[in-house]
Amino acid sequence: MREALVILPSSSITLPPNSSPTPPPHRHHHRTTAKPTHFTSSIISHQSPLLSTLRWDSVSGNCNSLRYYAEMASKLAQDGRFNDSLMIAESVVVSGVNAVEFADLLNVKLVSSGIVRLLEEGKVGSVVELLNGAMQLGIDPLKLLDRGAINSLSQECRRTMECGEIEEIVSFMETLKGCGMPIKDFVRPSEIIRLCVSQRKPNAAVRYAHIFPHADIMFCTIILEFGKKGDLVSALTVFEASKQNQDTPNLYIYRTIIDVCGLCGDYLKSRSIYEGLIASKFTPNIYVFNSLMNVNSCDLSYTLDIYKQMQKLGVPADLTSYNILLKSCCLATRVDLAKEIYGELKLLELAGAMKLDVFTYSTLIKVFADAKMWQMAIEIKKDMLSAGVTLNIVTWSSLISACANAGLVDQAIQLFEEMLQAGCEPNSQCYNILLHACVEACQYDRAFRLFRLWKEHALQKDNCEDFGSKTDNTIDLSSTLMVSTSIPNCTSASPHGHFSMRVPFRPTTSTYNILMKACGSDYYRAKALMEEMKEVGLSPNHISWSILIDICGGSGNVEGALQILRAMRDAGIQPDVVTYTTIIKVCVENKDFKSAFSLFVAMKRYQIKPNMVTYNTLLRARSQYGSLLEVQQCLAIYQDMRKAGYKPNDYYLKQLIEQWCEGVIQNGNQRKCNFRTRNRTDLGPESMILEKVAEHLQKDSANSISINLRGLSKVEARIVVLAVLRMIREKYTAGDSIKDDVQIFLGVQEVGIRAVRHESVVKEAIIKLLQHDLGLEVISTAPRIGNDRNQDGINHLDKYSKVEENAERVILRANVHFPTRRPVVLQKLRITKESLQSWLIRRLDAPAVH
């Protein structure tokens, strides 16, 4: 009698004969994290009762039993009980059954359905455990998956990636790759790299690169993508990781990181990377050298040094190397060196060692174009044609620009026609160069005629395309520009003998900006052009608004210029340094100095750094100074300019300050001019007189004033004293009273050493100025022994005011360097407050001489 099978209520699994029913194994809580589970033979000692009665020797020799347990494992997997399924598989394999034989008996459809169900439930971790466990048992994970399961894995990968879970997707990919899965079919590598770059996760990108056998190529791609985003820090992190476990440097990766340094604008970092490569006693190849020279092409001397190092190391230069050298010469405006390199290239070409390309010729033409050497540019064009090299759009643009820069509008147009004859289709830059040439040559009507025809035919072409018309849309350029072409055998000429052209492009923002400059002082015409720019779908930029401000301000309408600035902000465009400098210039030219200085304060508040033109515009705003506030403003700008790293030409400012200071004296212009002419050479370029004047004029009150003249010449000392006296007079006029004497410190001298003649000259000049020119009472104070006390231990500083005492101590600490026990004499003058009060009353009604 056959024994009946016992059906387990918790699943569809049936037990073989002579087996007792047992409760189903406990269903584990599946984690969603991808942590692999390691299965070992120790599991046997913790088997569930379901497996405790199995006879492994009978399993290994009974095909029916093996098929039965394979079916049992498949059904457990279908129910999502992956741990139980793996336990059966391990038990069977441990008993001596071949893992491949057992895997062939598994029901792939059932296992895959369980995998799909758990993936839909979000239990990715359980699927990962199943795949890892199967691989450790020697079972190919691919044999557990049908097409539906693979599609589910692919969808899960894409879902994780679209959610931005970069760490999870990389971990998942690592597991799938370890299981032999075709991960490239799941998600394209470029998409994961893009996600790593957008989230600035270089370490995750490094882990992902290690999945692939061609990791070096992946590293280069990742480094370059970080560089395109301007993230040099992350690119360097990937670069350092790529150097791990490498016996020799990968020059392809070195070249990529050097190029990225150029993309990110850190050419100094490219140099340190190159030095590190040289320190490793490894010779770079020509590609690394070329990338390094290209990144550092802005520094001609360094580029030449690298070229020489390349020759010393025996690395032969190629045409790219020479092209980069020419590019560096172009940036450095070294026409002479470019000619020399070109001569060397011609010799190499004659020897058959090198063939010059279009980039070489185009770079040379640009060198001469920037230098306004249009004849040389034309000669290079002839050499180019003789060598059989076809000119491209860059070459033609450079040639046209060479003539345009030299103000040769007709020659520029003739070159434009030659370009059309050669079959090279122009772009918007070519048209803009022609318009710019007309504007620079003040041929405004000519520029507008060309613009109108260009615009009309461009729009007409669009309409013809919309309606399917095949009308031949051409412009008779020669008749339009009133220039007869001299091009023989022109195959594209019109039936009337004039050269014709097609217009493939619309005007650009730069086009309208050039035409706005051609409006001169016609604000309404420029405004109409800006409105037209908006109508055709273009957005005015900083240059557009700056030009409009300049035109409006040029007619004296400062308020209108300020309104344009506000409208610019309302349009969502923040003014830049060019815009602010333009409107400051408008205010200065219209004598609205208050608005000019307010705009300067505003641009600093918006953290916009002034440039050299901004500072000079403000410093040269006035031809003379009338008030203390005006002087203080300009001196503050002067000091800010020096702090910003600019070297101002302060000759003009010094003369204005000197003139303002001399205004204290009311003895006539002739006397003052004679003094300035006689002593002007004393205010040389190294004079710090402006800093000294600024230091004294920054004091808040006219009371308790001390003047330090140590180290100044007599002319500089005179200007400083006059500047302080004028400040006192203006503050007195505004209501400040005089409460203390004015102390003038001339310097210090050690006792027993004869007085320095320089200090005596300054002292005599200042006494003469104060007593003779201004009528002030000056007291030369008795010598004081610095840092000493009398034998009775009393400090006699008490007879001076507290302010005077502090000033003397500051000067002694800052300026005196002598042995501790040697006494010093403090040389000083004193203007009494009574004398100063009397002088101010006498001058109160007398206007200052400017």
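Numbering starts at 1 and runs along the chain as displayed.
Every residue gets a Cβ built from N, Cα and C, even glycine.
Here TrEMBL flags 8-37 as region 'Disordered'.
As annotated by TrEMBL, domain 'PROP1-like PPR' applies to 227-343.
According to TrEMBL, the feature repeat 'PPR' maps to 357-391 (among others). Sequence-distant contacts of the repeat 'PPR' (357-391) (same chain, six or more residues past either end, CB-CB distance under 8 Å): 319, 322-323, 326-327, 329-330, 333, 335, 338, 342, 345, 349, 398-399, 401-403, 405-406, 408, 411, 419, 422, 424.
Look at TrEMBL and you will find 392-426 (among others) tagged as repeat 'PPR'. Across the range of the repeat 'PPR' (392-426), the DSSP-based residue counts are 26 helix, 0 strand, 9 coil.
Across the repeat 'PPR' (427-461), the prediction's mean pLDDT works out to 83. The repeat 'PPR' annotation in TrEMBL covers 427-461 (among others).
Feature annotation from TrEMBL assigns repeat 'PPR' to 541-575 (among others).
Annotation source TrEMBL lists repeat 'PPR' at 576-610 (among others). In terms of DSSP helix, strand and coil, the repeat 'PPR' (576-610) has 26 helix, 0 strand, 9 coil.
The repeat 'PPR' feature in TrEMBL is assigned to 611-648 (among others).
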Chain residues in Cβ proximity to the repeat 'PPR' (611-648) (below 8 Å; excluding those fewer than six residues from its ends, i.e. six or more beyond): 577, 580-581, 584-585, 588, 593, 596-597, 600, 603, 656-657, 659-660, 690-691, 693-694, 697-698, 723, 726-727, 730-731, 848, 850
Cβ contacts under 8 Å made by the repeat 'PPR' (576-610) with residues that lie 6+ beyond its boundaries: 542-543, 545-546, 549-550, 552-554, 556, 558, 561-562, 565, 568, 617-618, 620-622, 630, 633, 637, 640-641, 644
